[in-house]
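A quick write-up on the structure given underneath.
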Amino acid sequence: IIRRTILSLTALFVLVLTANIYFVYVIVEDRSPNIQTHNEIKVGHSVNTPIIKKKQLKPKQKIVYRNATLNAVQKIKQKLVELSADYHKISLSYKVLLHQLLDDLKLSFEMSTELWNTANKWVGPREIVPVRAPHLGSVLRTLCSTKIIQAENAQHHGTQLKLMLTLLGNQKAVFKPQWYSRSKVIGGPVYAGKDRHNAEVAAFHLSTLLGLRRSPLTVGRKINLRREVMPVATTDLLDTFYQEGNNTCFYGVCYFCGPNEPVCAQKDVMEGALIMWLPAEYKLKKHRSPWQRTYKAQTVARWEVDKDYCKKVKAMKLYNPNNGPRLLDLIDAAIFDFLIDNGDRHHYDVFENKFFGTYYILKDETYRCMRFGNPYRDHLDILAPLYQCCMLRKSTWDRLQLFSGNSLSISLEALLQHSHISPVLTPEHLEALDRRLLSVFATVEMCFQEHGQNKVLVYDAVSSQLTSDIYNQKLKSA
């Protein structure tokens, strides 16, 4: 009886196992025709829709993946090897410009809220800071020292944590807290990480060096949260403050804000960047960048695969070179962003319905984060507007050449020594600036080789960035 029972159970087990294997086989066979092993990026038909959607392909079809970007990067790297020795030699011409900027940073007046009017009058259709700003040092000192009379959430100005502060004299400014140490290397994609406060300060001074003059006034400031912010904070902001050991923390109110991602002071003192708000009469209009990223690892944008993408951008009225300098502004900004490793400029701002040919504002209160994230990696695709369009203001090119031979890092470091949070950048980030500038030189030389210098360099009479011939001669003869 026992033997028959064992045989019966064995037979039942074999039967059940066979049935299971059969059903699994049927299910797999039923689903297998839908399993895809190849993907292709389909290029869209409109420049107004720069995001390229993935399309499932049949096997053996060619995969298209960032071919325009990879080809351009290879050419730039090759040209970098062949770069003339002149770009590696230091030119003493930069000292004239640096001396002027250092003079502007000297204190000319005692701290006074009257200086808000001075700074607000500097703002014009083509600049935020004038070529000569003799009271700049005093304005910056006032910005990082004046009493805070109100603190509120800045949730309507971007996705990351920041505060809107009102200073004595009713001047508004945005405060971005410190998230990382100076030496912290931010890995991952170029847009990874949170806003880096010291990058804001460095970027402001770099913009003056490059003659862009489109970055709002920015200083480093250390704020005592318990004494300076909490007594004047709005209720919704104050509710996000709490104590963690000896440190005061808060998480604010914004799209990505929450109790799970607080920022903490060193005891009560929080270091950060304070960015002066533009005058109320200057309304800003947001535009989507034609070179926006998809922010998806397996999805590429049209500009990454289409080598003729700039022709399609130029066909748009807004970016047609015959209609205004907007495209040249984007190219200037691309060089600026490459130097600071900012690959997150998905939108940009201009003054709304006020001025013809108004500048592309290099501001950061809203849509992007200044970088200086990884000093060991250069994202050459940030230069796409430059190497795809092969256009550049002659004034921008002349200015860049002043800083050959590692003098860009020397100049920026000299300016940053005046910051209240000095040292602002690590030696590694300063070295990265000089290395990246050589890549910019290589990119322009590549354009010269392919199109000729006369077709690449543009004399833009509208731009207030242009330097007079006398001033250029003075720099070259210094």
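The backbone N, Cα and C atoms fix where each Cβ goes, glycine too.
Nobody curates TrEMBL annotations by hand; they come from automatic prediction.
The annotation active site is assigned in TrEMBL to D344.
Here TrEMBL flags Q160, K176, I275, M276, W277, L278, D364 as ATP binding site.
Per TrEMBL, Mn(2+) binding site is recorded for D195, D364. D195 (Mn(2+) binding site) is surrounded by 23 other CB atoms, counting those within 10 A of its CB over all protein chains shown.
The feature domain 'FAM20 C-terminal' is assigned by TrEMBL to 241-456.
Look at TrEMBL and you will find 7-28 tagged as transmembrane segment.
Note: the CA-CA distance between Q160 (ATP binding site) and D344 (active site) rounds to 14 Å. Q160 (ATP binding site) has a Cβ environment of 18 other Cβ atoms inside 10 Å. Here the CA atom of K176 (ATP binding site) lies 17 Å from the CA atom of D344 (active site). With respect to their backbone Cα atoms, K176 (ATP binding site) and D195 (Mn(2+) binding site) stand 8 Å from each other.
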